[in-house]
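Okay, structure first, notes after.
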Amino acid sequence: MGLPKSFVSMSLLFFSTLLILSLAFNAKNLTQRTNDEVKAMYESWLIKYGKSYNSLGEWERRFEIFKETLRFIDEHNADTNRSYKVGLNQFADLTDEEFRSTYLGFTSGSNKTKVSNRYEPRVGQVLPSYVDWRSAGAVVDIKSQGECGGCWAFSAIATVEGINKIVTGVLISLSEQELIDCGRTQNTRGCNGGYITDGFQFIINNGGINTEENYPYTAQDGECNLDLQNEKYVTIDTYENVPYNNEWALQTAVTYQPVSVALDAAGDAFKHYSSGIFTGPCGTAIDHAVTIVGYGTEGGIDYWIVKNSWDTTWGEEGYMRILRNVGGAGTCGIATMPSYPVKYNNQNHPKPYSSLINPPAFSMSKDGPVGVDDGQRYSA
């Protein structure tokens, strides 16, 4: 026997009312903030980030941008179905063009090395279900590129710092400024953007790289200090590219070392990301270089652990978790152009993450990984 029409109508009315109340509650920040309250928030934000505007009309112009950013944040976070949050950070009163031209410095183009088969998927290959090179001591603290499009240098240096630690056991913070000042090429122009692989090639050609302490970061282009360039503390042997658009190969590579990648970071959601697993929206027009330092799964959602160079005020203390295993180019194009430095030890290649955390379960040869560990198995 069916339910009475009056009962069905009352039920629909009840649930519709609940939905309206829920939306109203979630949108309360949008409707209850007065202009004076938002102004007070902006003044506090200006103090926090050390900003001030003195030219006529500039404060008012920036305040309008801030208000729109706050509206975007409130609308995004009101949706409880989203897997990540956004928030106010140092970019809150920048226009999209200012943000892109200042902070996105990856120059896309053809890579100059052939793709290596070192991390090609192998039938039956099993990878750890979780990797975090931070816990293995192979990741230097978050750095800030400042108002310089030198993300390519930060990504290259982060992977060199990582492989050096994995091979030698010593973690040394290295000099991005040396790459920016001394590593210029036709396509790599310091704070005006560049190739990650040009950074690797400079270190190889130079016979090494200096430390951050000796050649400190200035967030601007400078003349190459030849005396400091000749102080070489860390070397690499070569660099290679992970097979393109292949997240399993990328996962294999990250099992053995941090990996440089580029992605599309131009959208508002990426710019204001604060926590959770980022799922977009974003495209695949890669414009920003970062470093993958691990991967994992939370609540059934696979993710990459990404180290950025926008200070600890962005994201999860400077890091982002971004959706993994979506196929093709990956979320925001993260699997489009991965690359990594190679530094040989007596066994020709570093040990994987699992052997540094637990008893060794892999062995390495110059041709690639051999062996298995607990985790995810690849099948063709």
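The backbone N, Cα and C atoms fix where each Cβ goes, and this holds for glycine too.
Annotated active site per Swiss-Prot: C151 (among others), in sequence order. The Cβ neighbour count for C151 (active site), using a 10 Å radius over every protein chain in view, is 27.
The active site annotation in Swiss-Prot covers H288 (among others) and rests on sequence analysis. Secondary structure at H288 (active site), as computed by DSSP, is strand. Other Cβ atoms within 10 Å of the Cβ of H288 (active site) number 26 in total over all chains.
For the recorded site, N308 (active site), the DSSP three-state label reads coil. Counted within 10 Å of its Cβ, the other Cβ atoms near N308 (active site) come to 28, all protein chains included. Summarising the annotation, Swiss-Prot assigns active site to N308 (among others).
The disulfide bond feature in Swiss-Prot is assigned to C148-C191 (among others); the stated evidence is similarity to another entry. Under the three-state DSSP scheme, C148 (disulfide bond) falls in the coil class.
In the structure as shown, the Cβ atom of C182 (disulfide bond) sits within 10 Å of 21 other Cβ atoms. Annotated disulfide bond per Swiss-Prot: C182-C224 (among others), in sequence order.
The Cβ neighbour count for C332 (disulfide bond), using a 10 Å radius and every protein chain shown, is 32. Annotation note: C332 (disulfide bond) sits in a helical segment as assigned by DSSP. Annotation comment: Swiss-Prot describes C282-C332 (among others) as disulfide bond, evidence class similarity to another entry.
Swiss-Prot lists N29 (among others) with the feature N-linked glycosylation site.
Taken from Swiss-Prot, the feature N-linked glycosylation site covers N81 (among others). The DSSP secondary structure for N81 (N-linked glycosylation site) is coil. Less than 8 angstroms from the CB of N81 (N-linked glycosylation site) sits no same-chain residue that is six or more residues away.
Annotated N-linked glycosylation site per Swiss-Prot: N111 (among others), in sequence order.
Summarising the annotation, Swiss-Prot assigns signal peptide to 1-24 and lists sequence analysis as the type of evidence.
Put plainly, the disulfide-bonded residues C148, C191, C224, C282 were compared by Cβ crowding within 10 Å, and the winner is C148.
Cα distances from H288 (active site) to the recorded positions C148, C151, C182, C224, C282 are smallest for C151.
For the pair C148 (disulfide bond) and N308 (active site), the C-alpha distance works out to 14 angstrom. Cα of C282 (disulfide bond) to Cα of C191 (disulfide bond): a span of 24 Å. The secondary structure of C224 (disulfide bond), as reduced to three states from DSSP, is coil rather than helix or strand.
Between the C-alpha atoms of C191 (disulfide bond) and C224 (disulfide bond), the distance comes to 14 Å.
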